[in-house]
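Enquirer: Could you have a look at this structure, given as C-alpha cells, before my questions?
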Amino acid sequence: MDVTPRNIVNVSGDCFDYVRVFSDGMWNVRHGESILQHSLVRFHVQLIVIFLLVNSFHSVLRRFHFTHFTSEILAGIVLGPTIWRDNDRIDRLFPTVERNQVFASLSKIGYILFSFLIGVRMEPSLIWKTGRTATFLATLLFIFHHIAMLSIEVTFDRDKEKLTAGFVLAKEAFSAIYFASITTTEFVMYAYCYFLSATGDEVGLHYGYGPLIFGLAVPARSPLAEVLVAKFDTLVSGFFLPLMAVFCSSKINLFQFIHEFKDAVHLQISFIGYVMKLLVTFIGAYFCKIPVRHAIALTIILNAKGITEVAQFLSFGDIKDFDAASGIFLVFLLQAFQPLLIKKLYNPADQYIGHQNKSIEKASDDAELQILACAHRQEDAVAAIKVLQHSNPTKQSPLSVYGLCLEELVSSSTPLLINHQLGQKMSSYKVSRSQPSIDIFKYFKSQYKKFVRVNMFTAVSPLKQMHEDICRLSFDKACSLVILPFHKKWNSRGKMVSSNTDIRNLNITVLERAPCSVGILIDRTRTQGLSSIFHASTYRVAALFFGGPDDREAVAYALRMAGRSGVHLTVMRFITPTTEQVYHDWDYMLNSEFLRILKLGVSEKWQYRLRRGDRRRHQTEPQALSGLSEWMDLQELGPVGDLLSSEDITSSISVLVVQQQIMKASHSSTLN
C-alpha cells in the first residue's frame, strides 16, 4: 500500500514539495481539497481581494482628500494579523512572508521599474539651474542629516544591524542606510562602482540604484523617454506599487504595536529624528524669509514619506519584524495626514481670487484688452483667432493676446512654462507639438500688426495641474478674459467625433479658480483655411441676456465686437413675470442700468455667426429655464450653454459661454 502523500514527489530518493499551479476548474475539485491549493488560482483570488479592498477604501477616503497610498496601507492592515489573528483560513489565502515569495518578488520587480521610471523622468541638468534658496535648504538638510547619522553611528556602533531598521524609519532611505558603510574602507569601492553605473547586490548597492542610474542614461523628454513612460507608468503605478504597499503593510499588528510601544527604541529614535529634521527645515526656510505658512508647508513637503520608505523594508531582513512593521505604520501615519496639512496651509488658488475688478464690463473704453487664449491642438488655435479677430482692436483700445499652447507632461517629472519671446525652446530631441498652434497665432499677428500684440507661451504639465499655468499666467499678465477650448469636437458634417473628460475637468477647475473672466469656446464652424477667416465680410453676433453678472459680461464683450465694421449684433433679453417682481433687487437695478447704457451706445451695423450664452449665475431662475435645469448634462455651462452644446445642433455656429470674474468680497464689483 502506497502511503506517500499526494503532494510529495520522489525523485532519485530525494523528496520535494509538489507545487500545484494550474487547476482543472472549480467543478473538478476532489472531495476534501480546495481550489485555493493551486497557486495560480490563489494568486488571482488574492489580487481580486486586494484591489477590491483598496478601491473600496479609496472611494470613501478620497472625499476627505486622502491619497491612494493611504487606502493601500489600510487594505494591508485589514488583511494582516490585526484583524485576522490566529485565523487559519486567511493565513492560507495570505500566507506569511516565508511562503509568500510571489508577492515579495513582484513587489521588488515593481520597485525596480519604479526606480527606472524615476530616473527616466529626472533632468540632471536642472541641478545647475537651482536657485539660492533651494540650494541652501538642500545643503542644510544634507549636512544635518549626515551629522545626525554619524552621531548615532558612533553611539550605537555595537548594534549596527538592529539600528538599520531605525535608519529606514526616519527616511534615511538611500543615504543613511549606507552612511555607516561608506565611512569604512569600502567607500572607495562604492564610489568607483557608482560612477561605473554598477548595479544590484553584486557590488553591495541597493537594488534600486542600478535601475535609477540606467534611467538617468535615457535623455529626458526624448521620444524614447515618452515611449518608456507611456508603456510602464500605468503598470507600475496601478499594479506593482499598490501590491507592494499592501504586501508590506499586511504584516502590521496594531495590537502588538500598542503593547510593545514602550520597547520600540528604534521607532522612538526615528520619530525624534523626524521632528528634529522638521525643526531644522523650518528654521532654514524662515531664515530665507519665506512666509510662516509657506515655510511650514515646505517643511512638511521636504520631509514627506511615501512608497520609497516602504520599499526599503523589502531589503532588510524579515518584513514581519516588529521594528519594520512599526516603521511602515509610522510612514502610514505621516503620509496620511501630510497632504491634509499641506492643503490647509497652502492653497495656490487663494492668490488668484480677484481683489481688483478686471472684467470686460468694468473696463474702460480706451483701455487695452488683454486676453489669454488657450489651445490644446491646432483646431483650438484656429477657433480662438476667429473670435479674437472680431474683438475690434483700435488705436485707442488695442488688443493684447497671450497664446498659451497646452501640452500634457509625459516623459518628465518637471513641468515647464516656456516663454517664446525670450527665445526659450523645447527639448532638442523632438519638435514641439505646439508649433502648428504657435504658427497660427503668429499668422494672426501678421494680419493685425498695428493694434494687436501677440505673445506666445507653451505649458508642459500634467492635465491635473495645467490649471495652475493658466491661472498664474492670466494673473501675471492682468488678463480680462481667458478663452478655453470645449472638451468636445465635431467634424465637418456636424457630428461629434471626440470627447475628453480630462479637458472638461480642467475647464471646471479654471472656472472655479481663475482670477478673471472665463469663456468656454464651443466651435462648430467649418473652416476652409486661415485665409477664409480673415477675408470674410459680414458676421452675426447674438447675445442672450437673462440677467446676472455672466450675462452682462457676455454682452459687454459682444459690444466691443460690435465696433468692428461688418459685424451685426443682436441682443435678446428674456423677460418673465418673475423678473418684474424683483425690481427692488440690487442685481436687477444693475441689469436695468446696463441695458440703458447699451441702448444709448448701440448702432445697427454688426453681424457675426456666434451665439453667446450666459453660464450659471442668473439674476433669478426664469420660468423659461426651469425645465432646462433639470436636464443639464454639463453643469459648468449652465442651462443655456448646455442646450447650445447639444449634439442635436448641427448648425455651423460657435458658442462662447462666459463667466464673469469672481470677486473675493461679495458685491465688490458693484460697490466700486
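Cβ atoms are placed via backbone N, Cα and C, with glycine included.
From a predicted model like this one, the values you see are computed outputs, not experimental measurements.
So TrEMBL has the following annotated:
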type	residues	note
DOMAIN	447-525	domain 'Cation/H(+) antiporter central'
DOMAIN	541-578	domain 'Cation/H(+) antiporter C-terminal'
TRANSMEM	35-54	transmembrane segment
TRANSMEM	104-122	transmembrane segment
TRANSMEM	134-156	transmembrane segment
TRANSMEM	176-195	transmembrane segment
TRANSMEM	207-224	transmembrane segment
TRANSMEM	236-255	transmembrane segment
TRANSMEM	267-287	transmembrane segment
Enquirer: Taking the transmembrane segment (104-122) as the reference, which of 35-54, 207-224, 236-255, 267-287 gives the largest number of Cβ pairs under 8 angstroms?
Expert: 207-224
Enquirer: Note the mean pLDDT of the domain 'Cation/H(+) antiporter C-terminal' (541-578), expressed as a whole number.
Expert: 80
Enquirer: With DSSP helix as H/G/I and strand as E/B, how many residues of the domain 'Cation/H(+) antiporter C-terminal' (541-578) fall in helix, strand and coil?
Expert: 16 helix, 12 strand, 10 coil
